[in-house]
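According to TrEMBL:
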type	residues	note
TRANSMEM	6-24	transmembrane segment
TRANSMEM	36-57	transmembrane segment
TRANSMEM	69-90	transmembrane segment
TRANSMEM	102-120	transmembrane segment
TRANSMEM	126-147	transmembrane segment
TRANSMEM	168-187	transmembrane segment
TRANSMEM	199-224	transmembrane segment
TRANSMEM	236-260	transmembrane segment
TRANSMEM	293-313	transmembrane segment
Amino acid sequence: MLPITIGIAIGIIVSFQTAVNSRLRHFIGSPYQASFVSFAIGTFFLGAMTLATQHTLLVAPHLIATQPWWLWIGGLLGVIFLTANILLFPHIGAVQTAIMPILGQVVMGSIIDNFGWFHADRQPLTLTKVIGLLLALAGILITVALPDLLRRREHRQLATEKTAGNPLIWRLIGVFTGALGATQTTINGRLGLVLHSAVHAAFISFLIGTIGLLVIVLIVNHGFKEVRRATGHGKPWWLWIGGVLGAIFVLGNAYLAPIIGTGQTVVFALLGQITGGLLVDQLGLLGAQRKPVIPVQLLGLVVLISGVVLIRLF
């Protein structure tokens, strides 16, 4: 029961992080600079936790020499996942930008568990688990996508959002980046086992991700001048906690993946993320625009929970 609680809790936390980072990006203007700020703060937070628990930030040289190369790329996968989501929006619209990576996460998480990739413990798929996964995906679609379609029909806007480029290619990219997100969860979990510390693993992941974002910002924005826009009188203090919330999410994933598998970790976190997102929308938390929850979203949540129960209990 504790792993389920942790998985849902970190999902709720990351939904709050999304709201915070969205507000930070509103002030800064550049999504890449906002993401860098968030990653950098998360790195300092996890660095402090690592020093407090492990008394060092370094990794033993023999581990770097003897462990597989992919053990160290979790942070880069996180940056690719984050950057791709920013790039997807103008090509496939808001709803598909949310849905396609989720599809990739759930499918890849199940594949990793079934075949034991990246040194994960094998958890073979059963018919009941497959049904549970399909229910979970259906619940996500009902909760996230269906309300938007209903609103468009109500306003007679049945045409899709204006997009650029071939949408099929961008949809596939969305699914692929979601798969990278699930892979990152597995890799960070394995790194935590190797280092005997999920905190240390999360720190390394965030540090590498921060370096990757630094390179992107220097290439795209040529500096950090816009960051000052988020400082000064009238700016809420919580603009700067997104990195801490994201760090807790990555830490929770690194802790859970070796215990319950990548697939279940992803699904439980998604349940928490969608629940938290509905809460943020309903109450207009953290500067978000209020969007009252409609009955069909609650129905989708029930379907999602039903899928989670099948996945976990059977």
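The backbone N, Cα and C atoms fix where each Cβ goes, glycine too.
The model shown is predicted, which means the values in this text are computed figures rather than measured ones.
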Stretch with greatest number of CB pairs under 8 Å, the transmembrane segment (199-224) reference, 6-24, 69-90, 102-120, 126-147, 168-187 candidates: 69-90
Same-chain residues near the transmembrane segment (168-187), Cβ under 8 Å, at least 6 residues beyond its ends: 70-71, 73-75, 77-78, 80-81, 84-85, 88, 91-92, 96-97, 99-109, 112, 117-118, 120, 205, 253-254, 257, 262-263, 265-266
Positions whose Cβ lies under 8 angstroms from the transmembrane segment (102-120), at least six residues beyond its ends: 70, 129, 133, 136-137, 140, 144, 174-183, 185-187, 189-190, 257-258, 261-267, 270
Same-chain residues near the transmembrane segment (236-260), Cβ under 8 Å, at least 6 residues beyond its ends: 3, 6-7, 9-11, 13-14, 16-17, 20-21, 23-24, 27, 37-46, 78, 120-121, 184-186, 188-193, 198-199, 201-202, 205-206, 230, 268-269, 286-287
Within-chain partners of the transmembrane segment (126-147) [C-beta distance under 8 Å, separation at least 6 from its ends]: 95, 98-99, 102-103, 106, 110, 263, 267, 270-271, 274, 278, 294, 296-297, 299-312, 314
